[in-house]
């Protein structure tokens, strides 16, 4: 971490009370830690919106592996994007359903496109994309 700069802010007391409750609920030691995390999260969102920053993400999906050709389609899709798909975890939830978590790296636009394509495959019950910055921020 670089030099620490102290600064003050003006804030409505009701908003501050809500923020303090959030800090307590999330287990922060102090307001500064919480504010730093909020700033980092906002910077990551800005990078995601830009579309060209390098990001990492996970695509988590649940599907019934008995659906005809579904597992093959998902695997083929991963191979088509082998430069972006850097890891995969496959879990058998029960006799019919599987959970798959893919780790992807690339621009936010690329990752979003791959996730949309995977989650749009017929037979995928549900899924979610989580993106974050691949560039470490100072803590």
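Cβ atoms are placed via backbone N, Cα and C, with glycine included.
The structure displayed is predicted, hence computed values, not measured ones.
As annotated by Swiss-Prot, Ni(2+) binding site applies to 79, 90, 92, 98.
Positions of the features from Swiss-Prot, shown on the structure.
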residue: 79; record: Ni(2+) binding site; DSSP class: helix
residue: 90; record: Ni(2+) binding site; DSSP class: strand
residue: 98; record: Ni(2+) binding site; DSSP class: strand
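Cβ neighbour count for residue 90 (Ni(2+) binding site): 13 (other Cβ atoms within 10 Å of its Cβ, all protein chains included).
On its own chain, residue 92 (Ni(2+) binding site) has 98 as residues at least 6 apart in sequence with a Cβ closer than 8 Å to its own Cβ.
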